[in-house]
Amino acid sequence: MTNIRKSHPLLKIINNSFIDLPTPSSISSWWNFGSLLGICLTIQILTGLFLAMHYTSDTMTAFSSVTHICRDVNYGWMLRYLHANGASMFFICLYLHIGRGLYYGSYMYKETWNIGVILLFAVMATAFMGYVLPWGQMSFWGATVITNLLSAIPYIGTDLVQWIWGGFSVDKATLTRFFAFHFLLPFIIVALVMIHLLFLHETGSNNPTGIPSNMDMIPFHPYHTIKDTLGLLIMITVLLALVLFTPDLLGDPDNYMPANPFNTPPHIKPEWYFLFAYAILRSIPNKLGGVLALAMSILVLLAIPFLHTSNQRSMMFRPISQCLFWLLVANLLTLTWIGGQPVEHPYIIIGQVASVXYFLIIIVLMPLICLVDKYLLKW
């Protein structure tokens, strides 16, 4: 008699995706982040669903409803901080997942990589709209500044901004539609994740060496499920430590003040996970140029498979490329720091140098160093 998980039409799909999936035996803990992202998404959808039961998307009551959740709802404070800090954990895992893809050449699976970049855009859009919902000072001014960037688009810019706002400023209509989209997008993300996995399972997983490992496969369960469980325990420990001890560590104190259109905060900045892109945006004095650079800072990921000039897929055996990769990481950390600083000397010039270096490393230096590595290996 055949095992039901191998014969049942629905269970067979789950079995082939998560249980009997042939997986390279050499993949390291850097491959844990895919499953961690799935768990983060589940946590966000569940906590978000319960928060939505108590939240009201009206400018007069949004701030009060969030206060009500924290004070009057059973474990409402925990739901709220799990959701807010869960977003931070989501982005930490996301950036590490992308970093692993860059380091080990996973971008050579072009379809999987491209869907991943679309997923990144969808998650960033969801997080931005979620940040607006508590209707604090930083929520309101963040929404005003970021949506206003679209006015840089020639000819249709102003009309486009007013269409998104649903009026002549960020107001009730904006908050209502942002809540609707913030609720809807995670389910679109789930669909995209399924497509992402579909393309991944067409080719199979990459491995640290970048060499095909068809001869050395092991079943996903129990070997990698046990390994992923360790990553999960570490992530849950960090998340609970954040939620229970320092829930506001990554937030902005200004967001505890109700939104006031007549009072601009001294320093408008997004959540920490957008600071690198915000720094690139601010580094260019021209508005349209800044918006284009902001978009390109993420879109450049789509070009990476075409900029790969090496004979070797992974950076494991390319020491010069490794140095450049860690330089890029340091550069991104510098941009994140600059994004949180006021617009004054010396932060302006540091931001401009780091922004130029970001694009220079990805578009020019990486392909050149790949060619140098290729030449040295021949030599």
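Cβ from N, Cα, C; glycine included.
Taken straight from Swiss-Prot:
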- 33-53: transmembrane segment (TRANSMEM)
- 77-98: transmembrane segment (TRANSMEM)
- H83, H182: heme b b562 binding site (BINDING)
- H97, H196: heme b b566 binding site (BINDING)
- 113-133: transmembrane segment (TRANSMEM)
- 178-198: transmembrane segment (TRANSMEM)
- H201: ubiquinone binding site (BINDING)
- 226-246: transmembrane segment (TRANSMEM)
- 288-308: transmembrane segment (TRANSMEM)
- 320-340: transmembrane segment (TRANSMEM)
- 347-367: transmembrane segment (TRANSMEM)
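On the structure: features taken from Swiss-Prot.
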| residue | record | contacts (Cβ under 8 Å, 6+ apart) |
| --- | --- | --- |
| H83 | heme b b562 binding site | Q44, T47, G48, L51 |
| H97 | heme b b566 binding site | F33, G34, L37 |
| H182 | heme b b562 binding site | G48, T126, M129, G130, L133 |
| H196 | heme b b566 binding site | T112, I115, G116, L119 |
| H201 | ubiquinone binding site | N16, S17, L21 |
Is H201 (ubiquinone binding site) helix, strand or coil when read with DSSP?
helix
Counting CB pairs under 8 Å, which listed stretch among 33-53, 178-198, 320-340, 347-367 touches the transmembrane segment (226-246) the most?
33-53
Are there at least 3 C-beta pairs under 8 angstroms linking the transmembrane segment (113-133) and the transmembrane segment (347-367), leaving out pairs fewer than 6 apart in sequence?
no
Name the range, of those listed as 33-53, 77-98, 178-198, 320-340, that has the largest tally of Cβ pairs under 8 Å with the transmembrane segment (113-133).
178-198
Are there at least 3 C-beta pairs under 8 angstroms linking the transmembrane segment (178-198) and the transmembrane segment (33-53), leaving out pairs fewer than 6 apart in sequence?
yes
Cβ under 8 Å, sequence separation of at least 6 from the ends of the transmembrane segment (288-308): give me the contacting residues as numbers and ranges.
98, 102, 105, 107-108, 110, 113-114, 117, 120-121, 124, 149-150, 152-154, 276-278, 280-282, 355, 358-359, 362-363, 366-367, 370
